[in-house]
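Before anything else, here's the structure in question.
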Amino acid sequence: MAAVDVNAESLGVPRKQLMESSGNAVARVCRDLADPGSSVAIVAGRGNNGGDALVAARFLKAYDVTVTLLGRPETISTDIARENWEALVASEVDLQTVTDSVTFELGDPDLVVDAMLGTGVTGALREPEATAARAINESSATVLAVDVPSGVDADSGEAAGVAVEADHVVTFHDDKPGLESLDCDVTVEDIGIPAAAELFTGPGDLLTLRRDPQSHKGDHGDVLVVGGGPYTGAPALAAQAALRAGADLARVACPEYVAREVQGYSENLIVSGFDGDHLTTDHVPGLLDVAADRDVVVFGPGLGDHDESLAAVREFLSAYDGTAVVDADALQVVPDVDTEATLICTPHQGELVKMGGETDDDWETRRELVREFAADLGHVLLVKGAYDVVSDGDEDRVNRTGNPGMTVGGTGDVLAGATGALASVLPPLDAAAVAAYANGRAGDAAADEFDGGLVATDLLERLPAALEGYQHE
Ligand SMILES: NC(=O)C1=CN([C@@H]2O[C@H](COP(=O)(O)OP(=O)(O)OC[C@H]3O[C@@H](n4cnc5c(N)ncnc54)[C@H](O)[C@@H]3O)[C@@H](O)[C@H]2O)[C@H](O)CC1
Ligand SMILES: [K+]
């Protein structure tokens with residue numbers, strides 16, 4: 001939800017606007033539950049759940065409304081809730097604040113609006129919330145809970161202690177799984193979050209990437225890139241991209257003569273060369289051994305399409321059961337390989353067609369086609385284009401970052417390497433979506449500087465900033 005909020009904000013729909021819609025929806029349900037002139041007691045907490053009800057107070061002029069804030073106004077925890085409180089103060093609405101359980105009084109209202117705590121909370125209710133919840137449960141008023149009854153976990157429906165027993169819940173945007181087990185009416189209200197905030201990647205997607213300060217070397221990914229042959233730069237780009245996207249270790253397995261060059265690109269890489277000038281099935285047992293201890297394998301950058309190399313990819317994937325990003329010439333093997341591995345395939349549209357998939361100029365049609373093909377394959381697809389389409393056959397994401405300058409060679413290798421690093425820490429669909437977003441963002445930053453003259457290594461340098469997370473209240 002936090003990710004969707006940030007994406008909505010980046011589309012020009014800030015959270016305060018969503019709060020206005022939520023508050024409006026709360027007031028609408030109040031009107032359904034109580035006649036004009038009835039007394040309505042709004043019990044508001046200090047977070048955004050309380051903020052929703054503070055908005056509702058402005059929409060209930062035909063009612064006898066009292067608003068009780070649990071806690072001192074200075075401790076309201078978000079700017080948008082505080083602004084809505086201040087608007088009520090300035091409007092001389094009937095307000096009271098309660099800082100302890102002794103002074104809490106509910107009175108005898110017809111309707112209670114429980115807006116103490118919503119989805120931002122875990123654990124048992126503290127005071128004065130717990131006392132207020134008991135008073136609400138003892139009263140004969142109809143109880144309307146905002147988003148989730150206070151004290152109930154929105155995901156599980158369980159309560160760690162006392163919780164509000166609501167007659168009705170008005171929840172926003174989407175059903176909350178925890179509400180199903182409760183004995184009350186639930187209304188789901190659309191609050192105007194654009195569908196695009198969920199479909200298109202955006203800055204909110206980066207929220208999933210916050211690093212744990214307690215983590216150790218290897219926790220953020222140990223990635224093996226297998227490739228190189230006719231193309232020598234590709235595996236080096238992919239491996240460096242994995243490091244720039246946060247992997248702790250990046251290894252490259254490639255033909256011996258390529259290995260010398262790859263090592264020349266960066267001393268940060270661990271490179272091992274195998275004999276000959278291309279991958280063959282003779283190399284597969286050794287690769288499987290190395291791959292077994294890695295988080296993710298990125299298979300394909302610069303590999304070439306020698307029959308012996310493709311046979312080796314087939315043999316590797318048949319025996320491998322970890323996570324692999326498959327790119328470039330290795331992709332054509334995927335449709336007829338029987339594998340236990342989790343694959344993220346990163347074709348451009350030409351490679352997609354070569355795999356047996358279909359494409360279309362219209363991105364919405366392409367989205368349908370990609371979803372169907374991903375379902376057939378049983379793997380995640382990230383199909384590159386002006387709009388990248390990511391699908392696991394069930395859920396889809398679309399990425400709009402990037403620019404025409406990125407058609408230069410090597411940007412696909414950067415994307416494959418970044419996807420490998422992210423797949424060590426995120427589920428496959430998310431890894432592909434975040435990688436596409438960040439790769440395009442890095443490309444946009446490079447284009448700001450170099451226009452159409454950008455090169456793939458410009459993206460490498462800009463990947464860390466492109467992956468930087470967002471602070472959100
Ligand atoms: N897009 C959306 O999801 C929207 C949601 N809205 C509403 O926002 C709330 C969630 O708001 P948030 O500020 O994140 O959290 P809460 O209001 O639920 O709670 C924060 C508040 O509670 C205090 N607190 C924490 N734990 C406890 C405890 N155990 N006992 C007592 N108090 C506790 C904490 O200190 C904070 O002050 C969501 O439910 C929706 O109602 C929107 O406004 C619209 C968009
Ligand atoms: K609530």
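Glycine residues also receive a Cβ, built from the backbone N, Cα and C atoms like all the rest.
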Which one, Asn49, Asn84, is listed by TrEMBL in the same K(+) site as Asp114, Ser150?
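When TrEMBL describes the K(+) site, the candidate it includes is Asn49.
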Taking ligand 1 as the reference and 6 angstroms as the Cβ limit (strictly under), which binding-site residues among Thr119, Thr122, Asp147, Gly412 are close?
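Checked binding-site residues vs ligand 1; flagged Thr119, Asp147.
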Out of Gly51, Gly412, which has the highest number of nearby Cβ atoms, where nearby means within 10 Å of its Cβ, if these are the binding-site residues?
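Within the set of binding-site residues, the most crowded position is Gly51.
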Can you give me the Cα-Cα distance between Asp147 ((6S)-NADPHX binding site) and Gly412 (AMP binding site) in Å, rounded to a whole number?
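The Cα atom of Asp147 ((6S)-NADPHX binding site) is 43 Å away from the Cα atom of Gly412 (AMP binding site).
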Cα of Asn49 (K(+) binding site) to Cα of Thr122 ((6S)-NADPHX binding site): how many Å, rounded?
14
Using a Cβ-Cβ cut-off under 8 angstroms and a sequence gap of six or more, which residues of the chain neighbour Thr119 ((6S)-NADPHX binding site)?
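Expected: Met1, Asn49, Asp147, Val148, Ala154, Lys176.
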Whole-number Å distance between the CA of Asp114 (K(+) binding site) and the CA of His348 ((6S)-NADPHX binding site)?
51
Those binding-site residues, Asn48, Gly51, Thr119, Thr122, Ser150, Gly412: which ones have a Cβ sitting under 6 Å from ligand 2?
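Correct list: Ser150.
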Which of the three DSSP states, helix, strand or coil, fits Asp114 (K(+) binding site)?
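Assignment for Asp114 (K(+) binding site) reads strand.
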